[in-house]
């Protein structure tokens, strides 16, 4: 009974969420689009002609925003373990980012191109055990950071979703070693009660 009440409360909140309503009206696949838009409007990440890699891309709202903003001269490559309906102009790879073969395929599709911006909205499948889920989340962040370190061009940028908790400060320190500047972003579309924040690494060392 408690679970049913919780599910109904979540659905009521979801359907009445301003960002959900905007996403439906404006053709975006998820409210997360507005998180990226707000950060981009502040930090100018998605410039015309840029090469962008979107990790944890499904259902595709960040791809939609990135594709619109980098323009016809830009390029967007996306990856997710889940399937994703095609986004016009986006090269999508379905696979598990923790697997070497999937990483190799993603790198093959880059074909040696230097990347301007790596986005990571990855999150693990939740087990319900907070310590386990947090450790898995930080691990995905570390993998994304390693990818960014190896593929960003000098001066490149990295935006990653991180959940505050065990391992957060250690990951923040790791980003400080890779980027000249690391900033915390908490967009308005991110629910206040959520432990998620976004770390923005600017200017790859």
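Counting starts with 1 at the first residue shown.
Using the three backbone atoms N, Cα and C, a Cβ is placed for every residue, glycine included.
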Further binder of S-adenosyl-L-methionine named by Swiss-Prot next to 60, 62, 80, 121, taken from the candidates 43, 96, 100, 133: 96
Alpha-carbon distance [residue 161 (active site, proton acceptor); residue 60 (S-adenosyl-L-methionine binding site)] in Å: 16
Least surrounded among the recorded positions, given as 96, 161, when other CB atoms within 10 Å are counted: 96
Binding-site residues clustered about residue 161 (active site, proton acceptor) [Cα within 10 Å; pool: 80, 96, 121]: 121
Three-state secondary structure, residue 62 (S-adenosyl-L-methionine binding site) (per DSSP): helix
